[in-house]
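Enquirer: Take a look at this one; I'll ask things after.
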């Protein structure tokens, strides 16, 4: 045991001796050399004012220059601190620019009949309105009366019609668009037809979108303001109906104007045109660009699986679809994705409660950067101004009644005239921008260095080199002192 301790002491002394010999090979400068080093730095540095302190023999002038330098450094530190504090508040500015163009892209227009289902089909399935409210709940949260959900009629229908396809029912018995319902269609002076519309499902059942997607880019531009899309629709009030209590009591068409790259969103955004009216819609194109966090609230890294372009509405639909598919094992047909379609029993027992759970727990939120669906980094909107006039006039009523082989009363109660035009051939860009970028911050800091101290990046490197050299000398000095102390306090080695 004693032999082991002696070996350890000998090894430690040997190691300490090697370190001491290594450090001793780096001779420390003498006090005279260190003073000369400090003097040379003061005389050669590009930090203005220091050489005036070093070379002045007059003590008063030396003190004045010392006060000037310290004051300048204090102001410099204060200015740089304020710049950094301002930068890390992530300030932004908003720029608005109006771009005039020769041709401007025309938006997509999605329209639906406020009377959603055929009267004959509704008479056979009187509960269809309530069932559709349950199904369309995936698009908009709505209160479903507890009395209705638990009514014997509802439970009996859901239990005995598990193979009932709400999708097929709506598609076959909802509003349709053909040459009878689309009486006249004109886009920029050219005739259009039902083939130019794409069928989509919304909370209004069967809807139809003009200029949807990216497959008609050669068709969706107009070059003259005041000309655009003209539609004359027949809503067939006698053929289609709706329940005035949970449904709609109006007769006419609801439509929404949106980007061709995005799905229609009606909730709170739809425009209505009643029968017997001519709706003149004047639109403008407004593009908005948001900054990513921390300057703004958008997240450019979020991509949607089922949509080409990100939108908050599309993101919310995908979010709901993920939760429902995971917890219910099926997918509502109004939501995007691939999966087994939910039947009525699954809608009733699983989908509807899960939607309430998602809302209560905030599982699909929108708006801020840390929400499920933050705001879009880029979005295009079409603010609209709508004016109405009675349609048709008495003379036009007689003309249309003869042309369509209908009574004048039918013409007044079923026709809807919609006209959508651009007000001007321009679009407005509202862009959120960084108030201070990194290059601007560096330029500002550099300007403060030059203003108060006549310094630059090279000056900072000079100062760093000066302090590093002094730190190196002090470090070696203290290490040598520590080694000497350890060796002196070590017990003498036995012979």
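Using the three backbone atoms N, Cα and C, a Cβ is placed for every residue, glycine included.
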Enquirer: Looking at the ranges 62-82, 83-103, 104-124, which is given as transmembrane segment in Swiss-Prot?
Expert: 62-82
Enquirer: Are there recorded positions among 112, 163, 298 that sit within 10 Å of residue 370 (N-linked glycosylation site), Cα to Cα? If so, list them; otherwise say none.
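Expert: Passing the 10 Å Cα cut: 298.
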Enquirer: Taking only same-chain residues 6+ apart in sequence, whose CB is under 8 Å from that of residue 112 (disulfide bond), what do you get?
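Expert: Correct list: 175, 202, 204, 205, 206, 207, 208, 253, 254, 255, 266.
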Enquirer: Can you tell me how far the Cα of residue 421 (N-linked glycosylation site) sits from the Cα of residue 192 (disulfide bond), in Å?
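Expert: So the Cα of residue 192 (disulfide bond) lies 16 Å away from that of residue 421 (N-linked glycosylation site).
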Enquirer: Tell me the Cβ neighbour count for residue 373 (disulfide bond), meaning other Cβ atoms within 10 Å of its Cβ, over all protein chains shown.
Expert: 23
Enquirer: Where does residue 192 (disulfide bond) sit in the DSSP three-state scheme?
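Expert: Its secondary structure by DSSP: coil.
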